[in-house]
Amino acid sequence: MKVWFFLMTLRCLLGVLEAALPGFWNSEPQINHGSNYPPNHNEQEIRDKIQKWNSNSGTNIWEHSGLKEGDIMEPKPQKGKNVVRSRSFYWPNAIVPYILESGMSSSHMRIVKSGMDWLMAGSCLKFRPRHSRERDYLYILSDSAGCWSYIGRQGGAQAVGLQSNGCFEPGVVAHELLHAVGFLHEQSATNRDEYIYVNFTNIEEDKYSQFMKYNASLITDYNVGYDYDSLMHYSRKAFSKNGRDTIVPYQPGVEIGQRSHVSEKDFEKLNFKYCNKTVEAIEQATQSSRPTTRPGTVVKPSGSKKPGTNTAGRPGGSVGNRPGNNAGG
């Protein structure tokens, strides 16, 4: 009788534990990987490109991850939601819970935490280990194909992909984490043609769409302005088919595509997004009051058209029906 009572009590306790901690019996949670891989997505090919990538190539490693704009994992379509205008894509109270995939090496753990420290050093954002009952959190993979992330909070266990032999450096981690908190790439800005020349002549034909802009109704830079120095900017030779520049800054002497630090403007946008109580009012003001001045002297590249136009016959439109935020909105 005592044995039976003990077993029944134990069974009840385990049932309560399972209900309180969903996924308790599973070593890995159900990870939100999305379902919109490009048609020709080839995992082994991506792994090979990442492994062979050279820092002297003039490109950034995440540009070779085979997704939208290189490293953006698209979720299942969510009608009516927008990264900038819907607060549901923000991480509440600027707290981003995370789990590191089991099996991640201690050296890689240190690199991930270093990337997090980069972002926390100049903002109110806080990355911390997930508490057992938190439903929304980042699940940082230890060896995915490529370096990639979703844009903004998606809900549930949200994957951030880091390939073990290439993606583990603080700048790459910080770049992907900025995606996860709502940033898109800087060169997707609505007004980017005032600051850079996109030379479609040098771009792989099937990669034209990677250089689309977003409409002002979908994104905001909080009046901070375009940022050549952003950690989120493409490199000069992104998606080049011939080794020549695909992006040429109009301001002489500036470098783009750095991976060494979070820029001052990156931090400004991050703080407007998460650390300012009047952020919604700023978003509204941004729509009617955008800066018109350009930083420094603007010099047009030889043979190019004026800012705001693209090579004749090449696509250069804006994205008007997709959620996104190139600059931290």
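Don't overthink the numbers, they just go from 1 along the chain as shown.
Every residue, even glycine, has its Cβ placed from backbone N, Cα and C.
Not measured: the values here are computed from a predicted model.
TrEMBL lists Glu176 with the feature active site. DSSP assigns Glu176 (active site) to a helix in the three-state reduction. Summarising the environment of Glu176 (active site), the number of other Cβ atoms within 10 Å of its Cβ, over all protein chains shown, is 27.
According to TrEMBL, the Zn(2+) binding site annotation covers His175, His179, His185. The Cβ of His179 (Zn(2+) binding site) lies under 8 Å from the Cβ of Asp71, Ile72, Ser149, Tyr150, Ile151, each of these being in the same chain and 6 or more residues away along the sequence.
The compositional bias 'Polar residues' feature in TrEMBL is assigned to 285-295.
Residues or ranges marked as domain 'Peptidase M12A' by TrEMBL: 82-276.
Residues annotated as signal peptide in TrEMBL: 1-19.
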Env. residues of Zn(2+) site, Cβ within 8 Å of mean position of His175, His179, His185 Cβ: Trp62, Asp71, Ile72, Ser149, Glu176, Leu178, Phe183, Leu184, Leu231, Met232
Mean of the pLDDT scores, which run from 0 to 100, over the domain 'Peptidase M12A' (82-276): 92
